[in-house]
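A.B. asks: Okay, these came from TrEMBL:
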ACT_SITE  A:Glu207  active site
ACT_SITE  A:Cys245  active site
DOMAIN    A:9-433  domain 'Aldehyde dehydrogenase'
Amino acid sequence: MEASLEVLRESFKNGRTRSYEWRIKQLSSLIQFIHDKENTIFEALYQDLGKHPVEIFRDEVGIVLKSANNALSSLHKWMAPKKKPLPLLFFPAKGEVLSEPFGLVLIISSWNFPLSLSLDPLIGAISAGNTAVLKPSEYAPVFSSFLVATLPLYLDDKAIKVVEGGADVSEQLLQYKWDKIFFTGSPRVARIVSSAAAKHLTPVTLELGGKCPAIFDYSSVHSNMKVAAKRIVGGKWGPCAGQACIGIDYVLVEDKFASELIESLKRILKKFYGENSKNSTSIARIVNDKNVERISNLLKDPKVAASIVHGGSMDKEKLFIEPTILLNPPLYADIMTEEIFGPLLPIITLNKIEESIEFINARPKPLALYAFTGDETLKKRILYETSSGSVTFNDTMVQFVCDSLPFGGVGQSGSGSYHGKYSFDTFSHEKAVMQRSFLIELEPRYPPWNDFKLKFIRLAYRYDYFGLALLLLGLKK
Amino acid sequence: MSQTKLFDAAAATDLVNELRAIFNSGNTRSYEWRVSQLESLLKLCVDHEEDICDALRSDLSKPALESIIHEIGMVKGSCKLAIKEIGNWMKPEKVQTTMTSFPSSAAIVSEPLGVVLIISPWNYPFFLSLDPVIGAIAAGNTVVLKPSEISPATSSLIAKLFEKYLDTSAVKVVEGAIPETNALLEQKWDKIFYTGNGRVGRIVMAAAAKHLTPVILELGGKTPVVVDSKINLQVACRRIISGKWGGNNGQACVAPDYIITTKEFAPKLVESLKQELERFYGTNPLESKDISRIVNANHFNRVSKLLDDDEVSSKIVHGGEKDKSKLQIAPTILLDVPRDSLIMTEEIFGPLLPIITVDKLEDSFEIVNSGTKPLAAYLFSNNKKLKEQFVACISAGGVVINDTTIHLAVSTLPFGGVGESGMGAYHGKFSFDAFSHKKAVLYRSFVGDVPMRYPPYTDGKLRFLKALLGGGILELIRAILGWS
């Protein structure tokens, strides 16, 4: 390991990865890789997670292609130094901010979107001119092995390395000094990553999760009930059967509209996945035994089990859990205190939809907040009185594909952000550069100090150029 | 003896809970609250300029003019800028959306993080305490400030003045040393902003990791000055001296730590530095009122120890005088000290300035890059190519060509380190951003729902999605019409 990291460090040191050409070449190769291997990717992700090609394309392949193409066409602009205005006092001078690569970065990705959560950050690291080590998750083993075997054929292996392995390998990697660590996963592991980073003062970006709520303000959106229900089902079970950091965790709705919402969701579920969702090819499976166990434990509490209003069946052998809807499971139960990360959807009822603000604020800050409402006042209140990584009105998941928006959490849902230009920034140091000439020397900057210099400095701080002129001419006391 | 209540972890927990309740009440979010606090801070500076100068004189023998330029003036500048711009900073930033999520509109909303902790150092105890506080208030947070116990007069003055001028339910000062800092670090904060050294920076970051708290670390490092020969030597020397000794006698994170120049040019440079030093501080600088002292006996010993090595002390070409009773060390220049000596491996943070010589100036890059990344890097040169190379090849928090330290006073430039010199940046709008969460907001309507997003999945949907994410209108139309 040490030896191969030394190769990467050396590549960074000799400037190999800094040029515009190198970055463009890697990004183009990455696109080529996706095009060449599309079917293998479909196959690998089917084996690891039972994902359908449409889902894979929508959530992974398409995302990565979009990001890489966006980086390709924007890189020149991103790399250009940004001019900054300077106060006249410093004239003649020039100020700019220059983005420079950090050096050697570590990307640890997760198993639920093995392709996009690996390559999307890598696109940022490459765009910014870094060398990188990528560690995909061992819980998606087919894809992980495929990536280790195939990606080096496309990318510069003196600058980018894929490392396969589990927690032990991550632990080993975290011993080294990195210039940046980008981690996607759980808060528990994030604490380990951050603690390891602290030893070397390494900055980290943490992409975590949390219980993402969906507020459903029935009275203002009921005329669009069908589209709204589709978007909720699409945001819950669509991406990796609920095993997604921005998937809906629970829905908040007023008491009197709960049954209507549940009926709509059931109808859409049937439309999407048929009478027997177990036979549907359009829904992913649970990643492994451990997670089937974890999710089924969430239903163990008799009070929770009793709250199931739809679904609830599972086939542990086939790692399948049916899309399940629960109405008002107890709030103290694990299902309402832990991130569900699976195909269970609790519906929590409130007297007034406005109470959802208090409900959300009583819990850790989620990565995403969804609100279906046409009520402008409620929108404003949600926006300014709650805190979350992002807020999406009247839809789910789509914020993820919007490159102009930073994607990232706050509080327990993470720190730092990426996507589009933000990915480039996440892997860059913004260096302040100021250039001066030897012309025009302001004597009052220097000791020995006297009253004249004090007056001068007071005026200079106010940028009072007229006063300064008078002072210099001896016209001002 | 007066009984002071011990500030322990329990007290710290109470303090954080109290501030969290205030934050949750929403008081600190309003534009009015933010502006009123900043205006009070500004008034504090105006009303108490003399008291602040006195405190800084007591802590560091800082000359009043230095205090006014580097501390009070900077704080006032930051306050004024924030008061003027805060309305703009708070506005949601509209951003473009793509066809993929059409029809929609998107914005980025800056929201306060919550309860933040600011730990400030002793070298600029007023400026480095208040400047981050301005950012935290501007962004609408509640704040605990822990000023340094090593500059006690300024720390207690800040505590006293905050009590008098600011909303004490939302902005608190905790005075104290290591036990108090540890009690604070055990708490869950929404952001920690630390200015100081890398050793404590690691402790702060490790404590923050337990709660997943983001940190900004403003650290230091060995800031190099590379000096070319064909320059206006007198102006260069004055700018080097003002950055080195004129800023708290070298006890500054952006102060030049060492110089690199050519063997050939070194004697001329030393001569000119000596001349200008004499002009600034007279023939006996230990008597000058225009230079700060060393902060305390510990640091006096630490800096003195850097000269203990005979191989180092024999390289003194100017200065070297010390007065332990007055905690003074004269501006000292050393020529060609060994690269492996303590003075060249540790941050000096004092009035010693070693000069390293090289055959060609380009060799300086290798020297600078072989060390850890400094907070700043300076170059004096008129050579266009050299300037370009320096800017491109030297990794540092900030780079200044033909001057020193003044980038710190420019609010349009982010101020912060990289690698060992820290992470995160502040000043101007960057301070506001440092204490804000950038919340992504997407507004969608119900029209134009694309059925291809949803199951059951088919080959036709795959073709459509490929066209949609590809962004090509033509492919999209073909997919919709089923032509591809």
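One-based numbering along the chain as shown.
Any Cβ shown, glycine's included, is placed from N, Cα and C.
Curation does not apply to TrEMBL; its annotations are automatic.
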A.B. asks: I'd like the number of other C-beta atoms within 10 A of the C-beta of A:Glu207 (active site), please.
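C.D. replies: A 10 Å sphere around the Cβ of A:Glu207 (active site) contains 27 other Cβ atoms.
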A.B. asks: Name the secondary structure element type, per DSSP in three states, that contains A:Glu207 (active site).
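C.D. replies: Assignment for A:Glu207 (active site) reads strand.
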A.B. asks: In sequence order, what residues of the same chain, 6+ apart, have a Cβ less than 8 Å from the Cβ of A:Cys245 (active site)?
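C.D. replies: In sequence order, the residues whose Cβ lies under 8 Å from that of A:Cys245 (active site) (at least 6 apart) are A:Asn112, A:Thr184, A:Glu207, A:Leu208, A:Gly209, A:Gly210, A:Cys212, A:Leu367.
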A.B. asks: I want to verify one value. Collapsing DSSP to three states, which class is A:Cys245 (active site)?
C.D. replies: coil
A.B. asks: Average pLDDT across the domain 'Aldehyde dehydrogenase' (A:9-433)?
C.D. replies: 96
